[in-house]
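What TrEMBL annotates here:
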- 170-222: compositional bias 'Basic and acidic residues' (COMPBIAS)
- 2-170: domain 'Bicarbonate transporter-like transmembrane' (DOMAIN)
- 170-229: region 'Disordered' (REGION)
- 12-41: transmembrane segment (TRANSMEM)
- 61-81: transmembrane segment (TRANSMEM)
- 93-114: transmembrane segment (TRANSMEM)
Amino acid sequence: MNNLIGVGETLLISCVNGLLFALFACQPLLIVGATGPLMIFHMSLYHFAKTYELDFLSLRVWIGVWMTVFGLLVAAFEAVAIVKKFTRFTEEIFSTLVCLIFIYESFVKLIAIFQTHPLISEYVIMPVLADINTTTTNTTTMDTMEFMTTTIANTMDMDTMDMNMNSTEKETLGDQKETLGDQKETLGDQKETLGDQKETLGDQKETLGDQKETLGDQKETLGDLNLIP
């Protein structure tokens, strides 16, 4: 119930109700706690409040207040005697309703789990072909079976992927594919730019080599001039 009422709150209020019941109801050994019908009532009340956009906790408090009023009236006028009018059929009908609600909620939870976490192709086990005479099986038959098994597995993989992938995921994958294409083009441009820079550095290196040779020639010329008397 969206963490509005949890196990801690239920245990705490059960302890408080047990203390109050033992002090004022003259039945200290009676265990007062949450039961299955009470949980079903809380679930139904929560769905009702959510449907009509009401505050669940405020609605639950007012229900508790009215229950207190009716409880005091029943105790004051001894209306509990009306219980003798109830038959076993009424009790069994109520118990059947509670059981059906619990069974229904269990199947709803199971279906929700399988929809959230569906089976994938790795979990599917291909049926084993029995009663195969291994002595008469030749290479062609084995190759054909292997080809058919691979084809069926690939088909099941594709069907599972199509079932698990909705339109939103397909659009997202398409956008990611386009983004990767743009990034690939950008990397190509950067690669070309780096190539141009590499060629420029090569030209500069050749120029420096030529300048170095020129300086060497000038140095030799100066040396020859110094040797002349």
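Note: Cβ is positioned from N, Cα and C throughout, glycine not excepted.
Keep in mind that TrEMBL annotations are predicted by a computer and have not been checked by a curator.
Distant neighbours of the transmembrane segment (61-81): 45; these residues of the same chain sit at least 6 beyond its ends, with a Cβ under 8 Å from one of its Cβ atoms. Outside the transmembrane segment (93-114), and at least 6 residues removed from its termini, the chain residues within Cβ reach (under 8 Å) are 36-37, 40, 43.
Each residue of the region 'Disordered' (170-229) gets a DSSP state, and the totals for helix, strand and coil are 58 helix, 0 strand, 2 coil.
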